[in-house]
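Novice: Look at TrEMBL and you will find Val15, Ser16, Gly17, Gly18, Leu19, Asp20, Ser21, Ala22, Thr23, Thr24, Leu25 tagged as ATP binding site. The Zn(2+) binding site annotation in TrEMBL covers Cys199, Cys209, Cys212, Cys215.
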Amino acid sequence: MSSNLETTPRAVVLVSGGLDSATTLAIARHSGFDCYALSFDYGQRHRHELEAAKRVCSTIGVSEHAVVPLDLRQFGGSALTSEIAVPKDRDEKTMSAGIPVTYVPARNTVFLSIALAWAEVLGAFDLFIGVNAVDYSGYPDCRPEFIDRFERLANVATKAGVEGAGLFQIHTPLILLKKTEIIAKGIELGVDFGLTHSCYDPFPDGTPCGHCDSCKLRLAGFAEAGLADPLVYAS
Ligand SMILES: [Zn+2]
């Protein structure tokens, strides 16, 4: 592999440790990119996802995995970064109505900005993020409108963009896929979903709760795909 590095384009891939980002990383690898994975230790309630991110990166294969500390708990404002309770057992209709309390203020803007900074240093023009506008329609920073505007911003905000060294592209291969289609794609690419972590409110040992929006969407996705989720849930 290393003999190809000079000609292989580099990409920065946001990897949270969840099912969607693992699939996104696999897609970036299969698209021929030399991947630089980026995770954030942002004070999230579900810190087990950082361990999952490390497992996913080492299994799928990245040139480097950076974990950037960024304490969003200083501001809070989300059930994932403060003591606000994580909603449980909501049906899909309730989940898709409005912006949930698990929304982390401006998170993807913050994350993509740091990914862009690293990309510019690496000479990379391709950024991958596993956002999805179907199952999480309530999150404003997961929508195509946001990604389109950020991509334009990237090209006017950077030295590399202004000098025309290349054109920044934000890749969102999952944005219009249903959860079950994401799972099918991941399986096709050999992703081991047993290494991933999706729960917003896991038990101290990392066992997923099975009742938060993220667990419910994940379980429904596996069920619809006719597959068993390899994770063991709390009874
Ligand atoms: Zn959960």
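Each Cβ is built from the backbone N, Cα and C atoms, and glycine gets one as well.
Automatic, uncurated: that is what TrEMBL annotation is.
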Novice: From the binding-site residues Val15, Gly17, Leu19, Thr23, Leu25, pick the residue whose C-alpha lies nearest to the C-alpha of Cys215 (Zn(2+) binding site).
Specialist: Leu19
Novice: Taking only same-chain residues 6+ apart in sequence, whose CB is under 8 Å from that of Leu19 (ATP binding site), what do you get?
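Specialist: In sequence order, Lys179, Ile182, Ile183, Gly186, Phe193, Thr196, Ser198, Arg218, Gly221 meet the Cβ cut-off.
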Novice: Using CB atoms and a 10 A radius, I'd like the single residue among the binding-site residues Val15, Cys212, Cys215 with the highest neighbour count.
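Specialist: Answer by Cβ density within 10 Å: Val15.
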Novice: If we check Cα distances from Cys209 (Zn(2+) binding site), which of the binding-site residues Val15, Gly17, Ser21, Thr23, Leu25 wins as closest?
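Specialist: Going through Val15, Gly17, Ser21, Thr23, Leu25 one by one, the closest to Cys209 (Zn(2+) binding site) is Gly17.
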Novice: In terms of DSSP three-state secondary structure, what is the assignment for Gly17 (ATP binding site)?
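Specialist: Going by the DSSP assignment, Gly17 (ATP binding site) belongs to neither helix nor strand, so it counts as coil.
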Novice: Out of Leu25, Cys199, Cys209, which of these binding-site residues shows the lowest number of other CB atoms within 10 Å of its CB?
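Specialist: Per-residue Cβ counts within 10 Å for the binding-site residues Leu25, Cys199, Cys209 bottom out at Cys209.
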Novice: Around the ATP site formed by Val15, Ser16, Gly17, Gly18, Leu19, Asp20, Ser21, Ala22, Thr23, Thr24, Leu25, which additional residues qualify by having Cβ within 8 Å of the site's Cβ center?
Specialist: Ala53, Val56, Gly130, Thr196
